[in-house]
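A.B. asks: Please find one structure pasted underneath; my questions will follow.
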Amino acid sequence: MQTLTIIRPDDMHLHLRDGDALKAVVPYTARQMGRAVIMPNLKPPVVSVADALAYKARIMAALPEGSAFEPLMTLYLTDNATSELVREAKAAGIVAFKLYPAGATTNSDSGVTDLFKLIPVLEEMAKQGILFLVHGEVTDPEIDIFDREAAFIGRVMKPVLAQVPNLKVVFEHITTAEAARLVLEAGDNVAATVTPQHLLLNRNDLLVGGVRPHHFCLPVLKRETHRQALVAAVTGEKAHKFFLGTDSAPHAKSAKENACGCAGMFSAMTAVELYAEVFEKAGALDKLEAFASKNGARFYGIPENAGTITLVKQSQTVPASVPYGDGELVPMRAGGEIGWTVQY
């Protein structure tokens, strides 16, 4: 039977929620990943060092006994951010600030209204070596939802990179050929995370044969040509600029199967297996380890994980749902097969 052993991966973009939801989902990530970059869009958001340290303590308390998993904490960038906050964050071990343009995604109401007013704060991030994580979509109601990432590149990303050229930027969960091209053409201070859904699915998977609420995420799934461009980027000659970030975003089944359903796909349960499928289909299984376990650590300036995990070429059926607080959670590819299984 075919096996593949790789350095234990890191998830460089993860939503863990809080309370009972946190307790329900964190074990799935902790058994596959050594570390994860934890998104700060709680209600209320994680905006201060004290907020982040308290949230980290709650995550650690929710981990299975004996787990060596390490959460890497971030702060939610707001219009009120200061250079002093950046220095405090650096001193406390916070790895990054996350940009949510106001209204772009789940719990983004406190997000930034005008990033260009925060240029001195971004300059301090560059000076301190704190990363800037970007949800790269404009929120202008005039812009078609399928074009919001491409519009963000010209309106925001390129001007910011021109004004703060040494800022370390992660273009999060990229979904378009335009975003891949920006990262490929930018300096080594710009990288990107890519989710399993944007490497495996396109907008037909959301809209053909009925609306598929469990395939609804933001940024929304795009055309097949964009999916192919992402696969080419993560397996190509500049693949070192791209790394694993699931954007696994749990919402109760009742909140997804709804007249106004929530955006987000829960992939943490079988994340590594889903990515293995992508790389196998692309004839690039030899590049999975760098994407999952090396590129992100290098960009963040942290050592690779010490342990390994082993994937077996053995099919598994993903459960239709799993418990989630008082309700249930529908994982990515619920009820379907994945051709790989992580050995635990």
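Using the three backbone atoms N, Cα and C, a Cβ is placed for every residue, glycine included.
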A.B. asks: Same Zn(2+) 1 site as HIS13, HIS15, LYS98 according to Swiss-Prot: which of ASP247, ASP286, ASP326?
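C.D. replies: It is ASP247, as the record lists it for that site.
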A.B. asks: Quick check on the annotation: Swiss-Prot has HIS15, LEU16, ARG17, ASN41, HIS135, LEU218, HIS251 binding substrate, so which of ALA30, ALA52, ALA239, ALA263 does it put in that site too?
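C.D. replies: When Swiss-Prot describes the substrate site, the candidate it includes is ALA263.
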A.B. asks: Count, for each of the binding-site residues HIS13, HIS15, ARG17, LYS98, HIS135, the other C-beta atoms lying within 10 angstroms of its own C-beta, and report the residue with the smallest count.
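C.D. replies: Candidates: the binding-site residues HIS13, HIS15, ARG17, LYS98, HIS135. Fewest Cβ atoms within 10 Å: ARG17.
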A.B. asks: Quick one: give me the count of other CB atoms within 10 A of the CB of LEU16 (substrate binding site).
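C.D. replies: Cβ-Cβ neighbours of LEU16 (substrate binding site) within 10 Å number 24.
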A.B. asks: Fewest neighbouring Cβ atoms within 10 Å: which of the binding-site residues LEU218, ALA263?
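C.D. replies: Candidates: the binding-site residues LEU218, ALA263. Fewest Cβ atoms within 10 Å: ALA263.
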A.B. asks: Near ASP247 (Zn(2+) 1 binding site), which binding-site residues out of ARG17, ASN41, HIS135, ALA263 have their CA within 10 Å?
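C.D. replies: Neighbours among binding-site residues: none.
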A.B. asks: Excluding LYS98, HIS135, HIS173, please set out which residues of the same chain place their CB within 8 Å of the center of the CB atoms of the Zn(2+) 2 site, keeping sequence order.
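C.D. replies: The surrounding set, listed in chain order, is HIS13, MET39, LEU99, TYR100, THR105, LEU133, VAL134, GLY136, GLU172, ASP247.
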